[in-house]
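Q: Starting off with a structure, shown below.
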């Protein structure tokens, strides 16, 4: 994105941000659903508000750019007058680049590191333009989502709650003992359904969250909660402050710390329904879930993040193996550096053996 475009984007965000204190019950229905070239919806929903998704990447194409301004004009009180004023201005301020907190001293406490990650996302600001700048596909593997997080840092544009999950995972990779898992909420206010997601954090017997929201109470929770149940009930109280009734709460499993992993984020393992379960039943389920999170900890394999070689088990290859190929499988692992160096010899070896329909993921 050009500097001039980003300047306009920054001014637009600060102008539209005037509405952030308005009640979240406002549901924008001015946007009609449309489909992209691959048939997927370009418009999505968060917190009961419809918003566009930029699927053109960066730099943003003209169609997405003009659509964003058109949507801003529809939801802003000053409508097209504000849009013309911003777009015709010649002295917009320069956008500062937000430096990500990626280099910590070994003596820095984990709680302080988590807070700095949250402050970084605060500095990026919440995206009020009505257009999500990054397309987050929840079914992508960790490696693809981490590439998206790098793009977020590079562009340094405002984000929404789902983008904050991916960015939070990226910025906390390699923190020994820190487990990250998604927490999703479904609430109802004035007949409208609102959805939200934050990144749960577990470290040294304490629980908390990081994320992004229009409401401070619905994003960052410091690592002070003694149990997962205490954390979830505190979120329920925070929702009640804004007269929201929590219908469902979903909790996933810890995400791997290896940025090159082909694993997927587990978004839902436990589903709670406060309206149908009493507090005692929910506490019992949450205690069991907390045990699962501790048992399936991913942070103690962070040495994988340090290694330049990515390993892949040959057990993933679905083909009938010959004796020679079986001896290769018994070696257990194929290293990425080896397969890249010996690509030609590997290709010749495969062509001389039994034909099989498989691929090496390198």
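From the backbone N, Cα and C atoms, a Cβ is placed for every residue, glycine too.
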Q: When you get a sec, could you say which of 1-23, 24-46 is annotated region 'Disordered' by TrEMBL?
A: 1-23
Q: Using C-alpha atoms only, work out the spacing between residue 196 (active site) and residue 213 (active site) and round it to an integer in Å.
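A: Roughly 8 Å, rounded to the nearest whole number.
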Q: Give me the Cα-Cα distance between residue 161 (active site) and residue 213 (active site), rounded to a whole Å.
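A: Cα of residue 161 (active site) to Cα of residue 213 (active site) measures 6 Å after rounding.
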